[in-house]
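Feature annotations, courtesy of TrEMBL:
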TRANSMEM  A:6-32  transmembrane segment
TRANSMEM  A:58-78  transmembrane segment
TRANSMEM  A:84-103  transmembrane segment
TRANSMEM  A:115-138  transmembrane segment
TRANSMEM  A:158-182  transmembrane segment
TRANSMEM  A:202-220  transmembrane segment
TRANSMEM  A:232-250  transmembrane segment
TRANSMEM  A:262-280  transmembrane segment
TRANSMEM  A:307-327  transmembrane segment
Amino acid sequence: MLYVVIIFLGLSILLYVLLGGADFGAGIVEITTPSRMQDRIRTTTYQTIGPIWEANHMWLIITIVILFVGFPSVYALLSTHLHIPLLLMLFGIIGRGTAFVFRHYDAVQDDMQRVYNLIFTVSSFVTPFFLGLIFGALVGGEIDRDAVGFLDAFVWPWLNGFAVSVGMFTVTICGFLAAVFLVGESENEREKAFLVRRSRMFILATVLAGGLVFLAAELQKVPLVGLLIGEWITLGILLLATVAMIMLWIQLPTAGRLPCRTLAGFVVTAILAAFGYHYFPDLVITSAGENLTLFNAAAIGKPIETLAWALLIGSIFILPSLGYLIYSFQKDKSLNAKTRA
Amino acid sequence: MEDLLAARWQMAVSLGFHIIFACIGMVMPFFMATSHYKYLKTKKIIYRDLTKAWSKGVAIFFVTGAVSGTVLSFELGLLWPKFMLHAGPIFGMPFSLEGTAFFIEAIALGFYLYGWNKFDPWFHWFTGVVVGVSGLASGILVVAANAWMNSPAGFDFVDGQYLNIDPIAAMFNDAWFSQALHMTLAAFVATGFAVAGIHAYLMLKGQQVEFHRKAFLIALVFGAVAAVLQPISGDISAKDIAVRQPAKLAAMEGHFETSKSAPLIIGGLPDVENKKVDYAIEIPGALSFLAHGDFEAEVIGLDQFPEEDQPPVVVTHIAFQIMVGLGMVLVGLSLLFFFSRWKKKEWLSTRWFLWLFVLGTPLGFIALEAGWTVTEVGRQPWIIYGVLRTADAVSPIPGIAYSLYLFIGIYLSLAVAVTFLLIRQIKAIPESLQKDSGIYGDSTKVGS
Ligand code: HDD
Ligand code: HEM
Ligand code: HEM
């Protein structure tokens, strides 16, 4: 049953990065949009993620619940040593969710919109940045469980080049996902051309930020190159991701929206899969080298079993209805688009 | 500020904030579904408008509930890592089921808020009901987790180890039923009276009176029925605590010395030093009767507990008086309301009657916060009753006070923002009622 839990953990993280990521990305794309286009982008964003944004963020809750029920020592360690970035991420989550809804549901359209937009865009950037930073910090090997000083125990574990670069990388991935996603939703040529340019920009940014991650890893002696050298599987996966990115770059202006989205989703899934494979089964890498793994940190026995059953039963309810929700509003959107055209 | 104190305050502030939005999220869907049902049955536009007006408010409350809830699921670890290290696997069952309930709620809400004119009307209505039912389910589940902290079950505590964990037994602990029942009713009381009060105020202002009257009636019927049941359920809770957590009961009642035929102490200010309650009304034997159903029964007092195991008496006692006192006021208002529906329908157009309910607007929520204060402060000094002390569970990180200040700032701003948005929504109601459709939630401001 532990494997069921592990699969759900991986799946929730993946879905959160894909769905939540595209969602944050929409705000990141908004930052990079010149003001004359912003209104359109905002409307498109709203129409696309409006009905499902809340569901997208549920994957984070599921991830956290799996952690504290199934891997309590990881949750405890994470929330102790990474207290500060977690708090900052939470502030981002608060700002982002509320600003998104408030700006739409404010009955009066006035200067307050600017405030909402500012909070929305800033927190769309901050949240994935810290999320990525936290992931980076978990495997960065700077967590010292016996540290006593404030800086050693609560700051250096995450304030280092590697973790920061993973944070940046996550931001670019989100932007990339959203830009590609929005291309398919754009309603006129100008908007589309703009979004294609943005997608390409984010592809470039993702590659650069990815390079930065490897660089930072080298400087900090995080054994990440193993991903490229020595492990054929991860190398293969990453090569495939690269090919997919190149295809996207070329095909974006002409290809339909489904192939583009599939490619973008594939790129991100591949990156996560390569990382996952590389680090499996480690969850936290500490400076002393006593890592917390999916196996040694699991709350074995009944807690894992009941958790697995709860997840299995839950997914029987969740997955079909979530699918139907996404399908319904996609269908509705294309109907609208047709009647307007 | 000392870190432990700051952490306790931060937890209290976050929960106290979340619970308001959680209650609205659990209960408003039922009000909307009722009004929506009336619309589908009678085809009266006014009910459709009411449903839509409410659902715009709900969207604002909902997101605030969702983000504050997300914060909480991290905060449990941020503030109490040593608690979660042990408790997580034991009381995790309700949380893992709750995940499903939230998910369904979020999905159904997507359908409901954005689904006007897009689906079969009854399917659309049904998604609204699903929002309410899954909201209630998640509320009940999370209360089960809290009840476990009051009444730990489902594991053996041997030499500081938590062995033989059984998450199902932990979920269905002894306190689960009484707390879940009481909390569910409380959510209906608090939300019902608050919504009714706001609409009573708007009726007094004389705009769209028919609209607000309908809203008032729907909300108050729910609220008043729950308010009348609340003391019964409270009595079940109290009898339960008398057995399960006698120290909490003693603190609630300001009952310092174990005695037979114990008096019920109403009001007053506990004087911990001299072990008595000043300025209180005493009803002989009543506490024995309320706690054990017998005027002669012995009720355990605080003297049975070593000082380091006693909960703070002043806060617990006063909070309990506030909850029960307001509970009684609300029962009175509810009975008055039922009487008026039965004999004096015309009261609904009189100013004094409406003003009474305007004054009742915050009472349910105040009682609810007070009730949680009783439960949580009355559990001190334990985070898991009798097993783990709050002081031993707190995070080692220094400077928690700063995050407390930040959270207070954020929650205050959110509260201001939500109020501000709500007022704007309400101001917009008369305008939007005149236009037939299109202005409500189903599309963006940029006419699409
Ligand atoms: C609208 C709100 C409201 C009202 C009118 C009342 N309560 Fe209450 N009470 C709550 C809202 C609440 C609560 C906030 O929901 C609590 C906190 C934890 C819980 O399960 O319910 C609670 C807890 C609570 C407890 C402690 C339960 C525990 O720690 O396990 C007792 C003994 C009572 N209540 C008793 C009463 C009595 C005798 C009332 C008579 C009128 C009453 N309550 C009215
Ligand atoms: C939403 C309604 C709730 C309110 C208003 C509330 C209120 C409070 C208050 C006032 C405290 C501080 C008590 C003190 O330290 O003196 C507290 C502590 C705490 N509560 Fe609650 N509570 C609620 C529900 C819950 C639930 C459902 C859980 C868990 C599942 C929970 C978990 C905790 C924890 C872990 C603490 C800190 C430890 C402690 O002080 O004992 N609470 N809460
Ligand atoms: C008695 C206390 C509580 C009750 C009755 C309650 C109930 C609810 C309800 C009904 C919602 C739905 C969202 C909404 O209506 O706005 C909600 C949201 C949420 N609550 Fe609470 N809650 C309580 C305490 C807690 C605690 C202690 C936690 C964390 C450990 C928590 C975690 C969450 C989360 C993560 C959400 C977001 C779900 C979403 O995005 O839809 N809640 N809560």
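The backbone N, Cα and C atoms fix where each Cβ goes, glycine too.
Curation does not apply to TrEMBL; its annotations are automatic.
Counting Cβ pairs under 8 Å to the transmembrane segment (A:84-103), the stretch among A:58-78, A:115-138, A:232-250, A:262-280, A:307-327 with the most such contacts is A:115-138. Counting same-chain residues at least six beyond the ends of the transmembrane segment (A:58-78), those with a Cβ under 8 angstroms from any Cβ of the stretch are 5, 8-9, 12-13, 15-16, 19-20, 86, 134, 138, 143, 145, 283-284, 292, 294, 297-299, 303-304, 307, 311.
For the transmembrane segment (A:307-327), the residues of the chain that approach it from at least six positions outside its boundaries are 1-2, 4-5, 8, 51-52, 55, 62, 66, 69-70, judged by C-beta separation under 8 angstroms. Highest Cβ pair count under 8 Å relative to the transmembrane segment (A:232-250), across stretches A:6-32, A:158-182, A:202-220: A:202-220. Remote same-chain partners of the transmembrane segment (A:158-182), defined as residues 6 or more beyond its termini with a Cβ less than 8 Å from a stretch Cβ, comprise 17-18, 21-26, 28-29, 32, 41, 44-45, 48, 81-82, 84-85, 124-125, 128-137, 140, 142, 195, 198-199, 201-203, 205-206, 208-210, 212-213, 215-217, 219-220, 222, 248, 252, 260-261, 263-265, 267-268, 271.
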